[in-house]
Amino acid sequence: MTVTHLLILLAIGYTLFALDKKKKSIPVPLLLVLIGMALSFIPYFSSAEITRKMLYELLLPPLLFISAYRFSYSAFRKHGLMMTLLSTVGLLVTALILGSLIWLVGPMMLTMSFIAALVIATILTPTDPVSVVSVLKESDVKPMLVSVIEGESMINDGTSIVAFTIASKLLLSEQSFSMLNFLQEFLTVSLGGAAIGLAVGWLLAKSIYFTHHKEYQVMLSIVVCYGSFHIAEHIHVSGVLAAVMAGLMMSYEFQKSEKEEHFRSSLEGFWSVVEPSISSIIFLIIGIVAIDHISWGHWPLMIVIFLLSLLVRYVMLLALAGPVKPWRQELGWRGFIILTAADVRGTMSVVLLLTLINKQLPENLNFILSLSFGVVLLSLILQSVIIYPLAKLVEK
C-alpha cells in the first residue's frame, strides 16, 4: 500500500468524522468498513498490498497505547479484577467452548478439524469496542459498563493474540493439542509482555521530568509506544500487552498529582489526532481486505458461528460475573445484555487473519479465512447498528 493510498483513505476518514455530528445510531467505523468494501471493487485499491506487518507493527501499537493511557486509573482500580478475569479466563473459556461448538456444527457443511475450529474461535475472541463505545456514551447506559467494555478490550487484545499464535502453530505444524502446554505458553507470553510494558512505562514516567519541553515529551511517548511493543516482540512475549501496560503505567503515574496535568494535555493534543487518523485507515482496510477472502457459499455457517459467538459470550459472562454478588448487582440483567451486544469484532481479528494469509494457508484450510472474515463483517455491521436502540430499550 502506497502513501497515495493512505492519503486517500485518510481523506475519506476525515470527511466522515467531520460530517458525524450526533455520534449515535450509525457509528462512523461501520460506515468506513462499508466504504472499504466498495473500494475493494476498484482495481487501484484491490491490487494494493496490505500486510500484517503494516497493520500489526505500525498502526496497531498507537491505538493500544492511547486507549490504555486515556483509560482512567481509578476505573481500572475499581473494575480491574472483572476486566482481567473476562479478558483472560473468560477469553480462554470462550475460545475453547466456541471452538468446540464450531467443530460440532462445522462438519455438517464442510470438513473441519478441532484445531481449525479452535483457530477460528481465537480469531473471533478479541473485541473492538471503537465502533460502539461512542454510541454507548450517547445513550443512557451506566458509565461503568463503558469502562468494563474498554478495559476488557485493552487486555484481551493481548491475550487473544497469544491464544491465536499457539492455536495456529498447532494447526500448521499438525501437532496434537495439549491443554497444559497451551496454558503454560499462554501465561509465559502474556505475563512477559505485561512485565515489559510496566517497566518501560515506569521508565517513561520518570524520564519525562528531565525536560519541560512538551515537544520532547511527545517524542518520548512515541518511543515508549513503539519501544515497549517491539522490545516485547523481540524477546517473543506479547507486544500488544506491553503497549497496553506501558500506557496504563503512564496513566497511573500522571494521575498521582495535579502537577502532571500539563504533561497529559500536551500528550493528549498529539495522540487525539493520531487515534482517529489510524482508526479511519484500519476500518477502511478491513472492508477492502475482507471481500477478497469471503466465499459466499459459507454464509449459512458464518451466520451460525456469529450467533454461537453471542450465545457463548452471554453464557461466559453469567458464569464468571454472575456468581460474584457485587458484580451481579452492579451489572444487572441489562448490563449482561449490553456487554454481550458490545462484543464487536474488528481490528485485532483482521490482524490475526492477515497473519494466516502471510503464512500461505493450504488450500483446504482457506475456509478459515472465509468464515472468520464473514463473522467479523456480520459483527461489525449488525452489532454496531443494534447497540444504540438496544441500549435505549433496556435502560428504559
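Each residue, glycine too, has its Cβ placed from N, Cα and C.
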1-19, 58-76 - the range that TrEMBL marks as transmembrane segment: 58-76
Residue numbers, six or more beyond the limits of the transmembrane segment (82-105), whose CB comes under 8 Å of its CB atoms: 76, 112-114, 117-122, 124-125, 148, 151-156, 159-160, 163, 167, 183, 186, 190, 301, 304-305, 308-309, 312-313, 315-317, 319-321, 324, 327
Whether the transmembrane segment (303-324) meets the transmembrane segment (368-391): three or more C-beta pairs under 8 angstroms: yes
